[in-house]
Amino acid sequence: MGAYRVAVFASGQGSNFQALADAAAEGRLGGAEIGLLVCDKPAAPVVGRAQATGIECYTFQPKDYAVREDYERELVALLHEKEIDLVVLAGYMRLLSSVMVEAFTGRLINIHPSLLPAFPGKDAIGQALQYGVKLSGVTVHFVDGGMDTGPIIAQRAVPVAEEATQESLTAAIQAEERTLYPEVVSWFAEERVKLEGRKVTVIRR
Ligand code: GRF
């Protein structure tokens, strides 16, 4: 059996992609390798990061397709061809259709910058500040057909200081993301994640 292979989907800066690539290079990803970056914005900074790390990158433009299902069918074929075991969304700013979700059920995860189910969707950090919560954080969850609604795999809390700003809370949350996401991916590579209904169990070593 070959190495456990991960594809990362991203649309923007790629700080999580970088953290995962660094973890793989340093042997902190449970033996997993990042086999592919998929990006829906060819000019996004994350594309340059993939080039710098030598990770294969596939870019496409959703506007070139009539419907989402059309490009997702191509993506599923590509992921199978590249023998991808786990799809990791890291700032991929598009909802997935059932084409992707059903092809990778139980093998498709996302990271979200709040303690779900609080503040799903866009600008979770702004929503949390606006609401005035004292504690926010990071959630890694399975992806289902909804917006940030899938079973929760791991969460880390981040306190919201009284003087917190969008920038300071974003920095604190992203620092937590960069350690949590590689850890969760290593659990998958080590086959330690079990899903029953909505309940996720991580088998201890
Ligand atoms: C992260 O904060 C992640 O939680 C959210 O989008 C952001 C992506 O940041 N889903 P980056 O592109 O990984 O730097």
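Note that Cβ sites are derived from N, Cα and C of the backbone, with glycine treated the same way.
Counting every protein chain shown, the number of other Cβ atoms lying within 10 Å of the Cβ of His112 (active site, proton donor) is 23. Secondary structure at His112 (active site, proton donor), as computed by DSSP, is strand. Positions annotated as active site, proton donor by TrEMBL: His112.
Using a 10 Å radius centred on the Cβ of Ser15 (N(1)-(5-phospho-beta-D-ribosyl)glycinamide binding site) and all shown protein chains, the other Cβ atoms total 19. Positions annotated as N(1)-(5-phospho-beta-D-ribosyl)glycinamide binding site by TrEMBL: Gly14, Ser15, Asn16.
According to DSSP, Met93 ((6R)-10-formyltetrahydrofolate binding site) is assigned to coil rather than to any helix or strand. Shown in sequence order, Ser11, Gly12, Asp40 are the residues of the chain, 6+ apart in sequence, with a C-beta less than 8 angstroms from the C-beta of Met93 ((6R)-10-formyltetrahydrofolate binding site). Residues or ranges marked as (6R)-10-formyltetrahydrofolate binding site in TrEMBL: Arg68, Met93, Arg94, Leu95, Leu96, Asn110.
Feature annotation from TrEMBL assigns domain 'Formyl transferase N-terminal' to 5-185.
The annotation site 'Raises pKa of active site His' is assigned in TrEMBL to Asp148. In sequence order, Asn110, His112, Leu116, Pro117, Pro120, Gly121, Thr139, His141 make up the list of same-chain residues 6 or more apart from Asp148 (site 'Raises pKa of active site His') whose Cβ falls under 8 Å from its Cβ. Annotation note: Asp148 (site 'Raises pKa of active site His') sits in a coil segment as assigned by DSSP.
If you compare Cα positions, Gly14 (N(1)-(5-phospho-beta-D-ribosyl)glycinamide binding site) sits closest to Arg94 out of the binding-site residues Arg68, Arg94, Leu95, Leu96. Spatially close to Leu96 ((6R)-10-formyltetrahydrofolate binding site) yet at least six residues away along the chain are Glu72, Leu108, Val143, Gly145, judged by Cβ distances under 8 angstroms. Ligand 1 lies within reach of Ser15 from the recorded positions Ser15, Arg94, Leu96, Asn110, Asp148, judged by a C-beta closer than 6 angstroms to any of its atoms. Among Arg68, Met93, Arg94, Leu95, Leu96, Asn110, the residues given in the record as binding (6R)-10-formyltetrahydrofolate, the maximal Cα to Cα distance rounds to 19 Å.
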